[in-house]
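Enquirer: As listed in TrEMBL for this protein:
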type	residues	note
TRANSMEM	6-22	transmembrane segment
TRANSMEM	34-55	transmembrane segment
TRANSMEM	89-107	transmembrane segment
TRANSMEM	151-172	transmembrane segment
TRANSMEM	184-204	transmembrane segment
DOMAIN	269-366	domain 'FAD-binding FR-type'
Amino acid sequence: LVVWMAINIFIFVWFYFLYDLGDRFFYTRHLLGSALAWARAPAAVLNFNCLLILLPVCRNLLSLVRGSFVCCGRTMRKQLDKNISFHKLVAYMIGLMTAVHIIAHLLNVERYYNSWHGEYDALSMALSRLNDSGNTTYLNPIRSTTTTPNLLVFTTIAGITGVIITLALILMITSSMEVIRRSYFEVFWFTHHLFIVFFAGLVIHGAGRIVRSQTNANPPYNITFCKDHIEDWGKKKMCPVPQFAGGFPQTWMWVIGPMVLYVCERLLRFIRYIQAVKYRKIVIRPSKVLELQLVKNGFKMDVGQYVFLNCPAISQLEWHPFTMTSAPEEDFFSVHIRSVGDWTQKLISIVEQMGVDGPFGTASEDVFDYEVAMLVGAGIGVTPFASILKSIWYKFKDSNPKLRTRKIYFYWLCRETHAFEWFADLLQVLEREMEERGMGDFLTYKLYLTGWDQSHATHVMVHADADTDVVTGLKQKTNYGRPNWDKEFEQVCQENPTSVVGTFLCGPVVLATVLSKKCVKYTDVDPRKTKFYFNKENF
């Protein structure tokens, strides 16, 4: 973020002073005032950020960078996991710079209009009325008394494309708000594809060449003398008639690379989409969770990765991300889908057609890089950890020498008892197998029920002395309420005084804020002692 912001500031300042101090823009600056620099500097920043905006959503590219290069260390991978957050920041910068650019150019149009009508000084009038039989060397784009500011905006290339770009940007940004994206995903999905219109307009926008610079401003031309002696223009060698030209459009040079990469990204997604997906098993859990076990030729995955699913029977265009719950060692990949919206409800009713795009890398892939791992899942957010725990179990069975992880702390928070059902089976198997192998200390898991009624409380009290939990059937009893994270982190520190601990979350932003702060709080300043690194799933 520091590097990105520094580049933005540098570009803004560089181009601001280029237009505010450059001799080529002396007459243009006299006509438009400081609004010239305030229009062009944001335009340069826009070019830079439009170069960046598509890269964070090239998921295959990010997965390649994240998983294929040894030089991509843990710190870099953590940054790649924040791709969507960075995408949003770049979009906000584009929105801000667009607003400044528009305001400055509206002032410029007004200045052009007033200069043509002689409302300023004689020099402004002379510059606006320069004879130009070929209509190529003028400075003021207003060339007749009938041209109004509105006419200039809606009849020139720069004006028309500017309006189109602005409308597309407003629709994309407003439809990306959390409330709209979660409640009306289709609106977000369709309007976000206005980026095609945005980029097309952006490339064409500069062809209007509305801002012009002097082409004969170099010596022997003497601006200091000529600006005060309009009558000598064309009569003295040092004062030829000023001639102007628009700058060569440069935006396409900034965005062509990312656009090509994004087209390749979409082509790869399309190729994956048309590959056949076969059903291995379909299970409808009582807790309204759909388990899909799927098979696809050539499909390879790592723990914690996610795929995008498409069901043409619901929508040809909608793709939704789901973390895979299977392990890489299994001959299929699975997802668990909870019924939380229109799309998932329809999917549970229609599990006959489906397309798959992925897998894509996430933070959970790094779990095996840590000696100790804290896995925190909230509700259906437990899905990446199902894959991790399964994979660990397979690695233990095969005595995989590459397994560095020696201790796992697993926390699962749910509001309703039936949410534990589908995952409790896996925990029961792990619990039993670990005990048989004398490895009962390897996995410490704690389940938290955050919502219950009186009848459930009574039922728990009656069976308080049972050997297994009344909710899950596990030997580890369910906790009621929320974890005391200070207590949990203190326990991890005590049991692992010299370890690097990876803390992984798939859950809400509020919980992410709490855990990230705890990781900072309990990381010892002594490099030989316990250190915590926070990782969060981001689709």
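Cβ coordinates are placed from backbone N, Cα and C, and glycine is handled just like the others.
Have a look at these and tell me how they're positioned relative to everything else.
Expert: Outside the transmembrane segment (6-22), and at least 6 residues removed from its termini, the chain residues within Cβ reach (under 8 Å) are 29, 34, 36-38, 40-45, 48-49, 93, 213.
Beyond the transmembrane segment (34-55), the same-chain residues lying 6 or more positions past its ends with a Cβ under 8 Å from any Cβ of the stretch are 4, 7-8, 11-20, 25, 28, 61, 87, 90-91, 93-94, 97-98, 100-101, 103-105, 107-108, 111, 195, 199, 202, 211, 250-251, 254-255, 257-259, 261-262.
Note on the transmembrane segment (151-172): residues 91, 94-95, 98, 102, 105, 109, 112-113, 141-142, 191-192, 194-195, 197-198, 201-202, 204-210 of its chain, located 6 or more positions outside it, place their CB under 8 angstroms from a CB of the stretch.
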Enquirer: Restricting to the same chain and to residues at least six past its boundaries, which positions have a Cβ under 8 Å from a Cβ of the transmembrane segment (89-107)?
Expert: 1, 4, 8, 32-33, 35-36, 38-39, 42-43, 45-46, 49-50, 52-53, 56, 162, 165-166, 169, 172-173, 176, 210
Enquirer: Treating G and I as helix alongside H, and B as strand alongside E, what does DSSP give for the domain 'FAD-binding FR-type' (269-366) in helix, strand and coil?
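Expert: Final tally across the stretch: 18 helix, 36 strand, 44 coil.
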